[in-house]
Amino acid sequence: MNLTSKLNSAAALAISAIAMLLFVTIFYVLTPPRPDKIQDTRLLVHAKRCTETESKQIFCEDVHLPDSLDTKKTVAPSRATYHFTVSAADFSGTYPAIFLKKFTDTAEISVNGSLLTPPISAQSRNWNQPLYAVVPPAILNQGANEISITLSANWADIIHLFPVQIGDSYALHIQYDLSMIYRAGMPRIGLGLALFGSVFFAALSVLQQDIFSYRWLTAICVANAVFLIHPVFRIDPLPYRIWLISWTSAIHFQIYALHRFASLYTGRREVFTERVWLTFLTLGSLVFLLGPRSAGRDVLLWMGLSSIVFALSSISQLLKSTNIRQRRIQLFLFVILSSILALGVTEFLRQIGWATFKNTEVYQFAPILLFAAILFILAHNLLVAENRNSRLLAKLRQKVIGRTRELGTSRLQLIEAGRRAVREEERQRILLDLHDGIGGQLVNVLAYMSMQPNQDLTLRKALEAALMDLSLIIDSLETENSVSTLLGTLRERVEPLLNRHNLKFDWQIEAEPILPVEGPSQNLLLLRIVQEAFTNIVKHAKATIVLVQVTENMIKIQDNGIGFDVVSLAKQEDMVIRHGLISMKRRAEALGSQLKVDSNTEGTSVTLFWEIGTLSRELPDNCTSPIPEQTYTKTSVTGMPNAV
């Protein structure tokens, strides 16, 4: 542990001690110093205490209540008798009564030698409830009356007696009922909650074995139930020495379980401190069970002090945690555990005589406060779990929606794939019919004409043009072919024609063209535009070189011919060229592209370009506007004579 860590630990321990002392002060201030004066009653605070010494002599002395007596100096069983002398007038009311709000350990009351309560029994003690006795008027003297209160402690302990009230039985019975509710009722409520919590958290720990907090909450409730058996039933289920160490050990075990429960939130556990403390408790228990009787009470007090120190160290760990997400619950645990520890400290100070004796033991609130804290933690955990489940449910809902969309898309894709498969099957059938049917018939007709001595050249050219168009249609229907492949197939078909006209072919494919829209119709439009450009070069350009450039978004066909005059397109004799260029422009628009034609005396270039992924009709900055329809005056021959 480095210096910074030591300083942080010391600071956290100091803050925890200050918080505990603050709660102790608050509890001390809120507790009344003595019973409130009640109408028609008298408060007895002066008495003569008589005890039997080891030499069998009776020793009496005047005392002021509240009074305490260390029974280690008396004869076992430890006893002390308090004598009060009062007049008959002090017993006001028709039926007078005597009320002992607080005493230890077991008490009996007699007036003028007449016993008003059950005699003291070694098996049962009534220290945790008030004592109320009605005084029959027949036993009262007209003059002085003597009240004797005998207290007994079955083991070496301190005998306490607090101020005694006498007077009207009705007024005192109300105080008796209120005191019973607090001193006897509160432990019973706590025991009921402890038993319920033991069963409840034990069931949860079995159902959800991965959540360790339920196990420690079960241990806390069980330890609390064992501790509360003592004040509720006031009967020792075991020999007194064994039972005394058992139920006080339940307090120590409860502190240990709270320590382990809090460590689940802090992620810190001081194993060395924990082992030292448990070792000290073990040795203390052995000394208590095997040592001298007179040292028993001191041993229990030292064990209690060690538990207070350990609990203080454990609580300080809540201030050193760096878990931001658990900060609120950690601070809540710090406040609650500090207040519970302060309740225990008040009782410890009362036991060692460092605090003014009070008639109300505030430690009775500790079990109730503990279970209230547990309920709060459970509610907090439930809210956190609910929020976490809500977020998880929202994420799952979004995933389900996304998956549903994906399934819907996949279903549509499957439907579309099925339709494409049907269309492809039909397309293949049409291709076979065109190739083997019409194409075969055209080839047979041309073969027949070639064997005739007198041939009709016009008819032959028409048949060859029809066969060329059929070839373009068949090529365009081959959807598996890329654009480069289609252009390559067209090159094979027109290259013999270009060779016959002494035209040199320069073919430059820089990248695979990506048409704006793909499909057989678009392929045919593209082939028609390129075919029309080749036809115009052969018929009108008088060129020697044809350059074809292909990129992703452009197909450019350029020749070194004579070009044409734009002004002459307006003349009637150039109507053929004009209509041919208009046809190319319309096909380019249908293809989702733009057509640009430049011509001068050094040649003509036809550029087909488009924007990838769009159907934009806008021209790039470095291109001129498309040729208007009225600019062209000549048309081209739609078919190119070339036999398949």
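The backbone N, Cα and C atoms fix where each Cβ goes, glycine too.
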- Message: If you look at how TrEMBL annotates this chain, which of 132-149, 150-167, 276-293 comes out as transmembrane segment?
- Response: 276-293
- Message: Should anything in the same chain at least six residues away from the transmembrane segment (12-30) have a Cβ under 8 Å from its Cβ atoms, list it; otherwise answer none.
- Response: 312-313, 315-317, 319-320, 334-335, 338-339, 341-343, 345-346, 349, 355-356, 362
- Item | CB contact flag for the transmembrane segment (362-385) and the transmembrane segment (189-207), at least three pairs under 8 A | yes
